[in-house]
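**Q** Would you mind keeping the following structure in view while I ask a few things?
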Amino acid sequence: MSAAIAALASYGGSDSEPDSEPETEGGSQRSAAVLASRDAVLHLRAPPAAPPALPVDAAPEVAVKEDVETGVHLDPAIKEVQYNPTYETMFAPEFGPENPFRTQQMAAPRNMLSGYAEPAHINDFMFEQQRRTFATYGYALDPSVDNPEAATKYIGSVEEAEKNQGSLTVFETGQRKIEKRKKFKENDASNIDGFLGPWAKYVDEKEVAKPSEEEQKELDEITAKRQKRGKLEDDKPGEEKTILHVKEMYDYQGRSYLHVPQDVGVNLRSTVPPEKCYLPKKQIHVWSGHTKGVSAVRLFPLSGHIMLSCSMDCKIKLWEVYGDRRCLRTFIGHSKAVRDICFNNAGTQFLSAAYDRYLKLWDTETGQCISRFTNRKVPYCVKFNPDEDKQNLFVAGMSDKKIVQWDIRTGEIVQEYDRHLGAVNTIVFVDENRRFVSTSDDKSLRVWEWDIPVDFKYIAEPSMHSMPAVTLSPNGKWLACQSMDNQILIFGAQNRFRLNKKKIFKGHMVAGYACQVDFSPDMSYVISGDADGKLNIWDWKTTKLYSRLKAHDKVCIGAVWHPHETSKVITCGWDGLIKLWD
């Protein structure tokens, strides 16, 4: 190696051969040795050569069509085909043994879903008709027979075909044309008395059809059952009885529970309402005795020292509001749920309206049922006329859209107010009892003059909902209406009966329930129950919701503010309880 480097150095480090060197035999040998030495040194210095680049070819090599024998079967095991096979080649049968499970039916050629059909000169409708006829009745026309008069022109159930004469197919009913019933003919219009025309009777028509003996027996049984059922529902109003729950009916001075007590800390005989009322905060008493939901509660007129409640258990109960708060008396006499109750002015009598279609007048003191009233319809509400000289008259809103007026003395209907288009829900007397307001399922409010059966005021807006509970304010100026769109609307109760758009009370949920509304005696608050069993209290001036108390487990249907108390409220609910709040 050192000799080679020295020789390269003596060469002058030049890569090219010197032109001046003569080409003798000794010179050529020397130059060859030098070049070999130089190549050896360069071989040491130079980097390794790169591998030769492969040519880029994106498309695979495909055999030309002429080079391939067409019609050759493809091997199903191969993963790659090196040529473009024809359709016949790709879909030719595979090599190998036949499918051992292949049946003759599977092997048979098919040209339709149900198998193979030979082409024939028959249209699609006829073919489908005969195919369905064969599937339904078991026979069809033989398609191989060209002559229609041939003896055996049917295939399948030939006997059935001959019975029907081959005319019955799936598209025919098989009924022969029946001859039309003949009528008496007299079409001469000039014959005035005898002209029959199209109104003529049939020749074979029977004018009187009598049932057979068996049919007559069945009819008699059905009519007897209906008469019995009608008698049970209509003729028997239910026996009236009463239960006294206190030991003595009268005290040592001979006074009954109707006597207004004077030792309760409040003047119950006063006509002046409390100056200032306050929000009730807590429950102080529960009256329990009803076995089903309570529909309504009514305080004794003026004093409010006793309370009447009606329930879905068909009973009416009288309770003490003060003292021991006992149940005084139970009135039993309705066969279905009691919907509404109403005291007369003195409180000595009260009316009850129930779903058994009866209105009953009761004596509050003795519990005796004085009289019954019915017009075969369900009464939804009942009210005595508050005038002292008209205490023998009362009105009831019925399910047949009428308001019916009865006279207690005669027991007869003396007036009907029939203008509503739906069941009547409430009746409230206004304007010093000269008029009354009624609401109905027809989503309207009507105002009536007493004893005049035509409404003089009709209020119905497209945005209005039905209002099943209405209460008059203590000052007689406003009507609070529980609307089914979860609002309490206020209407003026004097002259114009306008909606007060500034006073709308919201925040509770009552859709579907006739929850009673009431005012505090000083007109500071508005109270109402709701579907969640809560007692809602609003401020009258600002319409702000002040308080919500969980009063009942089910719907709180009634709420009454005691007229002589500053913060006592009575609620009733469908859980069968009546509660006192203070």
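All residue numbers here begin at 1 and follow the chain in the order shown.
Glycine is no exception: its Cβ is also placed from the backbone N, Cα and C atoms.
Small disclaimer: the values here were computed from a predicted structure and weren't measured.
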**Q** Name the residue range among 1-34, 69-102, 409-442 that TrEMBL annotates as region 'Disordered'.
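**A** The listed stretch tagged region 'Disordered' in TrEMBL is 1-34.
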**Q** Using a Cβ cut-off of under 8 Å, list the residues of the same chain at least 6 residues beyond the repeat 'WD' (417-449) that approach it.
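**A** Apart from its flanks, the repeat 'WD' (417-449) reaches 380-383, 385-387, 395-405, 455-460, 464-472, 476, 479, 481, 491, 493-494, 497, 514.
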**Q** State the residues, same chain only, that lie 6 or more residues beyond the ends of the repeat 'WD' (331-372) and have a CB under 8 A from a CB inside it; answer 'none' if no residue qualifies.
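**A** Here the qualifying positions are 236-244, 256-258, 292, 295-296, 298, 300-302, 308-318, 378-384, 386, 388, 391, 394, 396, 406, 408, 411.
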